Amino acid sequence: MARRAWMLFLGALTAAGMAAWAYQLARGLTVTGLTNTVSWGLYIIVFMFLVGLSAGGLIVAAGAQLMGGRQYRPLAPVAVLVSAVCIALAALMILPDLGRPDRVLRVLVSARWSSPLVWDVYIILTYLTISLVDLWLLTRPHEDERAVSILSAFALPVAVLVHSVTAWIFGLLQARPFWNSPLMAPFFVSSALVSGLSLVLLVAFAARRWLGLRVEDPVRDGLGKLLALFVAVDLYFLGSEVLTTAYSGSADHQAQLDLLLRGPLAPSFWVEVALGVFAFVVFAARRTRLSIPWAAAGAGAAIAGVFLKRVNIVMASMMLPLVHLPPGLTSGRPATPPASIWRTVGQYTPTWVEVVIVLGLLALGSLVVTAALPWAVRAARGGAKAVAKPSGGPVLASASDGRAAPSR
């Protein structure tokens, strides 16, 4: 698809999303699949997912600056662009879930600092600001090394905090036993590293194909090794959580684990595990991680697996009501026989309104990345010159067959 046609398609999808949101604002949250038992659905799942996707950019940029990974510097502008767009989309994703988006201003003017929700608002705004400033510094004609280094020193802890604080929204809820775990924050950080770095890799491959961005063999090899490590850690956390929950003997924990292992969420859980194992196998072997088709498949599998993980995290707790009263909890929706307004187990299916709003928001982000990517690639080429070999030729990417690419 030509770039112009692609942007027109994304623009049309964005407009459809805005129209669906206007419809929801006019009709209220009753047009969604949310109920009294399942009050968090697709909007919150995608919010969590987008926060995780934002991790990759600052990791690449800060790692290149602080940890001696100079070979990653040409990729930094593209990576930070992706990071900034994802965290901005995550902030916007909260608005449809509120029903009354105008009330978000109350968080800023009358915050209750004991609430993790307030912490999340401010840490996301901080993270977005750092991403935008970092992008500006990296794309200036004359890069200020000292300023980038100082900002990178702040960016890494903030990157960890933004995922940890989002996790604490769930992990500090004592009424939800499945969420109330000290592993929730490390779990979010590990999966954010997986999905964020995978997205950076996919965008870099797209820029290589359509805009001529040189993605070096050492860069692909290094990012592939990191992804293999991050996926392995994420799978370890998942196994540890399942094992601890299974042996806890808690009825609440067991009921939620049953939903994942053999209940309604079992298909998504086992697909999540399979995708994670596939991604690990791809990136653990040098031959496959240096192959662009295989690496793209592994990165796509990792992103899909993390999305399913977000679905499972939210739904495993939301599908079990907090209070069990006969004949059940009212769903908050009108119903006629044989349907019932009473629920003993939560049920949730996103409506077309939710799906179109989410697709519209993702299309908006894709539109911004598509429009800004040539600018970021030009800055990346400048970064490649900055890490040139002593002979004067830049260390350019090699093709997937391992041969050196010519300088240009």
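In case you wondered, yes, glycine gets a Cβ from its N, Cα and C as well.
As annotated in TrEMBL, transmembrane segment covers the listed stretch 116-138 rather than the other ranges in 116-138, 323-345. Proximity of the transmembrane segment (38-63) to the transmembrane segment (267-285) is not established, fewer than 3 Cβ-Cβ distances being under 8 Å for residue pairs spaced 6 or more apart. Counting Cβ pairs closer than 8 Å and at least 6 residues apart in sequence, the transmembrane segment (75-96) and the transmembrane segment (355-377) reach three or more and so form a contact. Within the same chain, the transmembrane segment (292-311) packs against the transmembrane segment (183-205): three or more Cβ pairs sit under 8 Å, each pair at least 6 residues apart. Panel annotation: around the transmembrane segment (226-247), residues 178, 181, 183, 186-187, 190-191, 193-194, 197-198, 201, 253-254, 256-257, 260-261, 273, 276-277, 279-280, 283-284, 289, 298-299, 302, 309 of the same chain, lying at least six beyond its termini, place a Cβ under 8 Å from a Cβ of the stretch.
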